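Here is the structure we will look at, set down as C-alpha cells.
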Amino acid sequence: MASHGYKNGNIAHSRNGRPLNIQENTTDRAKIDGSYEIIKSTPRRKESECRLDLSHQKGLSASQNNANGGINESTRLRSKDVSVLPGVGRERAVLVLLALGNFCVGASISLQAPFFPHEAERKGSNSTEYGFVFSVFELTIFFFGPIFAKIVPIVKPRFMLIAGLFYVGAACVLFGFLNKSPPGATFLSLAIATRIAEGIGTAGFQTAVFSIVAAEFPNSLATSYSIQQTVFGAGLVAGPTVGGCLYQIGGFMAPFVSIGVLLLLCDVLVYFLMPATEEPNEGQKTGDMLKFWGNIGILLDAYCVFCTFVIIGYNAAVLEPHLRQFNLEPYMVGLVFVLNGTVYACTAWIWGKAADKTVRTKELCIVACLLLCASLLLLGPAPFLPFPTAVWTVMLALGLFGLGSGGTIVPSFVGSFRDTLKRGFADDLSTYGLVSSVFTVSHSMGAFVGPTLGGYLLDSVGYRMGTMVLLGNEVLLILALCIYVVVHRKPSEDKEPLLKEVT
C-alpha cells in the first residue's frame, strides 16, 4: 500500500501513531483503503476529532459487514512496504512464503514414518520406546503452543516464524545423524531430544502462521487459512513418499538432511522477503489466556479439532492391521493411507470459501461432523450394517473423512476468531495468538490421544467396535453443537458490529 500525505506535508496517523493510507479528494474527504472515510476540517485536525465512517463498501452497513464475517482492516498494524518482490503484491507474497513453509514443515513431520521404526529396532529400541519418540513431538506442541500464543505480541509473528523454521530445519538435519549414535539409551535420548526441539519449532511456526494470516487477510480469513491448511496437508501426504524414496537412495541420513536443508533455505527466503506484519509497539500487551478459554463456544471449536485428530491418530496406529485381511500390495496400502489426506488437501479451500460467506460456522461444523459419522460407520463397517468389510467401504470412508475433516478444522478456527472479537477482545496480535492456540493445543492433544486410544481399543474390543466408540463421541459432539446453536443464535447477534463508531 502506498502512503499519501496531505498537500501541506502533514501526515494523518492512527491511534497508535502509525501512518494511515490516506488520499485527498476535491470534496475535502479522505478515504482509507476504500473502506473508511475521515472528514477533515483543518490540515492539522486531531484524530480524536475525526469521524470514522465504518461502511465496508457502498450500500453495506457495518452490521451487515460483521454478519458477513468482515473484519475492520484499519485496525491491522501492517508495515508500510507494499511488497519486497517486484511485480508481486504484498498479500500474494505473504501467502506464497507461508505456503512454502507449511509444505516443508508438514513434510518434515511425517518424513520418518516409513523407516524410523526399523532403524530404532536396529538400535535396540522397542515399539513402546520409539512410539514415544513420535508422541513426544505432539506433547511438546501441546505445552509450548499456549506459551507462544501468549508471547507472540511481544516477540512479533515474523520473528517467531523465522525462529520456528530454523528450529524445525536444524532439528530435522540433526535427526538424520542419529544413525551415527551408539545404540540403546543414548540413541533413544538423542531421538527424543531432537523431536522435542522439532516440536518447539513447529509450535512457534504454527502460532506465527495463524497470527499472520489473521492480520494480513481480514476479509478472506477462512479462505487464506484453508489454503495454508491445504498446503500443510499436502506436505504431510508427500512426506512419507519423499522420505521413502530418499531413504532408498541415500540411506537414513538422506531424507532428513535434504528436507532439513530445504527448511533452512525456506527460512532464508522468509528472512529476506517476508514483510513485517506489525511495527514495533512497546505498549503491546499479551492476551488473557484464562478469559479466552473460559467460553463454551471456544471449547466446542477446540473439541471439534481435537476429535478430528483423535480419529486421524487412531487410523494412523491401527488401520494397517485392519487392512491385512485384504492381502494388499504395499503400494496399495500406501494409497489407502494417503487417501484422506489427499481429499482434505483438495477440499479444505471449499470449506474456507463457505466460512468466509457465512457467520454460521458452528452449523458448518455440524455438517462436517455428520460426514465424519458416515465415515466411521463405513470404516469398520459398523456391526449393524448389512454388508461385510471390503476395500471399497474403507476407501469410501476415508474419502468422506478427508472431506469432513476440512469442515471441522477451518470453520472452527474462523468461528473462534470472530466469536472472540464479539466478546470484546482487541483486534490485535494478542488475540490472534490466543486464537492460534485453539488449533495448536487441540491438534497436538488429539494427535497424541488418538494412537494411544487406538492401540488400547484394538487390543480390547477390536477395530470395528473401536470405531463405534469414536462414533459415539462424534454423536455427542453434534448434540452439543446443536444445543449451542439453538441457545446462542439470537436475531440481534448477527447485527452487532465488531467495531462501534468512533467520534
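Every residue, even glycine, has its Cβ placed from backbone N, Cα and C.
Caution: TrEMBL annotation is automatic and unverified by curators.
What TrEMBL says about this protein:
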type	residues	note
REGION	1-27	region 'Disordered'
TRANSMEM	93-111	transmembrane segment
DOMAIN	94-490	domain 'Major facilitator superfamily (MFS) profile'
TRANSMEM	131-152	transmembrane segment
TRANSMEM	159-178	transmembrane segment
TRANSMEM	252-274	transmembrane segment
TRANSMEM	295-319	transmembrane segment
TRANSMEM	331-352	transmembrane segment
TRANSMEM	364-384	transmembrane segment
TRANSMEM	390-417	transmembrane segment
TRANSMEM	429-449	transmembrane segment
TRANSMEM	469-487	transmembrane segment
Among the ranges 93-111, 252-274, 390-417, 429-449, the one whose Cβ pairs under 8 Å to the transmembrane segment (159-178) are most numerous: 252-274
Interface present between the transmembrane segment (469-487) and the transmembrane segment (429-449) (three or more C-beta pairs under 8 A): no
Segment-level pLDDT (mean, integer) for the domain 'Major facilitator superfamily (MFS) profile' (94-490): 89
